[in-house]
């Protein structure tokens, strides 16, 4: 891949503080070197954190983001910083999960994208949130997200 796209990045290779909020975070993208191929790129985030908008208590989730790129790939440092910006952000589980999926879809215009948000129990109830954009191209292999259903002590 050409070096020019890397040169244009503002976060990769630079000391970059965690943004104060998801709205302030910058998601960067790079050209997909294989836009003609249908393949899945996966990001697994086992320690995602946000805040309950009512109590201010921390909420934790295991996120799995799968997408079939079009012309663009997400630059992973910018994704990491974006996700870390939720650490002090108050929002319900559904809002966090869909906000991430929609922001990625808007930035990348992928052929297909899905996000699974597997939220750890609060008040004894785990909440799993799933969102998908687009139709999966034929013939693309997408592995199971690999997150076991919550069983507690049952």
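Cβ atoms here come from the backbone N, Cα and C positions, even for glycine.
Range with Swiss-Prot annotation region 'Disordered', chosen from 1-31, 32-62, is 1-31. Spacing of residue 76 (substrate binding site) relative to residue 52 (active site, thioimide intermediate) is 26 Å (Cα to Cα, whole number).
Other Cβ atoms within 10 Å of the Cβ of residue 74 (substrate binding site) number 21 in total over all chains. Each residue of the region 'Disordered' (1-31) gets a DSSP state, and the totals for helix, strand and coil are 4 helix, 3 strand, 24 coil. Summary: among the recorded positions (59, 75, 94), the fewest other C-beta atoms within 10 A of the C-beta are counted at 94. Residue 75 (substrate binding site) falls within neither a helix nor a strand when secondary structure is assigned with DSSP, and so counts as coil.
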